Every structure is written in structure tokens, then in C-alpha cells.
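These come from Swiss-Prot:
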| type | residues | note |
| --- | --- | --- |
| ACT_SITE | 53 | active site, proton acceptor |
| BINDING | 53, 54, 129, 130, 155, 157, 168, 169, 170, 171, 172, 173 | NAD(+) binding site |
């Protein structure tokens, strides 16, 4: 077995901020001459994301075709992020934990997105946080189908479908529930729905179990804006967009420093109670 076969392959991905570059340099120096590690962005075993949650989203999409083989770990160089276990001043702890890593992981569900266009084209994608469909110019009218049952006819700005880890992002700002990331479920949340004596929607978020699927079927021709995490695309004449739990998941390195989900929620939205 050669050196690279024996060593853990590590990819270090950082944003352009000064502090992120400093952390990346320290990690490079620590692993460069360590025989147990091999620095490579090609086919890594571990991806270290340095920056914020946006950087980890980018790292996820960079390696989304290798999810069976890769584990992620995040280092935050700003405020605490939901996908980061380490702050920039905890790099030595991260290095020590990785040197003692035994391959344990924590897995979270991700979203499978299938977009069907009028011309027959099918676009497939994955989202770690969420996906939205909107019609910017006019009110969006679409049937919401859950597990092949027409649930409602939606009228409004758009619809968001989020994963449990994404429930604390855009979904929460829309009044959706916060789900623990180990719950294998999707959440459907309306964006500025029309509700009056003529038009009615449920008006609250819906939690969809793993075995069920969501279909959004637009009822008007036109250009639709579809977001997949931090990327936005525009498609003309969308026939339907399907959402379900993907058969793959995202895996994070499980270390003694792994921060519990509820600690992250507290730090992000509540903070320490006053005494």
C-alpha cells in the first residue's frame, strides 16, 4: 500500500477573508509533513471548510457527487454557524481531534430536487438547506401535491421546501418550525400566500415524512425562479418540481468538540440568559 493509500486525504476549502486564510495556512502547515495525512482536493476523505455556513454550502456542492466517501468539518471565522464545530481560535483542537479520528460520523438528510420543463428536459439537483420556487413578475399559482394527493392550490409569491438543517435559515424567517437535523423529514413553507374570502391555503408549515414526496405544479406559463441553496436559476415553463429526501446524506466528522444542535440554536437566536 503506498503513502496516499495509507494517509487520510484532506481538502482545505476557505473563503477569501484574511482570518480564513490564516486558519488555512495553519492547517496546511500542520498536515503538510504528517505521514498520516495527504493534502488533496481530489477525492478527499475529509473536507475542512473555513469561513461560514455559506462556505460549507459551497464545499457541499463541490463534493456532492462524492457524499458516500467524504466527511465534512467546519471552522467558523465569524459568528457561530450551524455547520461549524470549531472557531478560528480552536484550530489546535481540530488538528488534535483529526489526528485521533476513528472515522465516526454524524449524518444529516439532504433534499433531492427534480425539475421537469415543458420541453421534456429534466434537471436534477441536491440541496443541503432548501429550495424555493417563485414567480417574480406575477402571482404564482400552483398545485401542491403531497404523496400524489392534491393538497392545495397555492397563490402567492412562492414556496420553500427545507431540510431539517435548513429549517433554521430562510424557513425560520418565514415562520416555519425548527427541526432537529436527525429527523428525516421535509418542511414545506408558504411565501406570502394570498388568503381571503376567495382564495385559501393552509397558511402554516407542513412537515412531510421521509417516505412522502412533494410536487409543485405551476398552473401558468412563464419564467420561474428556482433557488437551490445559495444558487438561483431561471426556467421558462416549468411543468413540475419534485422534492423528496435524497437517498444520500451529508456526513460530518464526529469529534469530542461536536456542538449539539440545540446549543447552536441557542447561540444563534437566544443567547445566554440574563442573571
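Including glycine, each Cβ sits where the backbone N, Cα and C put it.
What you are looking at is a predicted structure, and each value in this text was computed from that prediction instead of being measured.
Sequence features, as recorded in Swiss-Prot, placed on the structure.
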{"residue": "53", "record": "active site, proton acceptor", "contacts (Cβ under 8 Å, 6+ apart)": "74, 81, 82, 83, 84"}
{"residue": "129", "record": "NAD(+) binding site", "contacts (Cβ under 8 Å, 6+ apart)": "57, 162, 163, 165, 166, 169, 170, 229"}
{"residue": "155", "record": "NAD(+) binding site", "contacts (Cβ under 8 Å, 6+ apart)": "139, 140, 141, 193, 194, 199, 201"}
{"residue": "168", "record": "NAD(+) binding site", "contacts (Cβ under 8 Å, 6+ apart)": "82, 178, 264, 265, 268, 269"}
{"residue": "172", "record": "NAD(+) binding site", "contacts (Cβ under 8 Å, 6+ apart)": "178"}
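Within 10 Å of the Cβ of residue 170 (NAD(+) binding site) there are 17 other Cβ atoms, across all protein chains. Comment: NAD(+) site residues 53, 54, 129, 130, 155, 157, 168, 169, 170, 171, 172, 173; largest CA to CA distance 32 Å, whole number. Under the DSSP three-state reduction, residue 129 (NAD(+) binding site) is assigned to coil, being neither helix nor strand.
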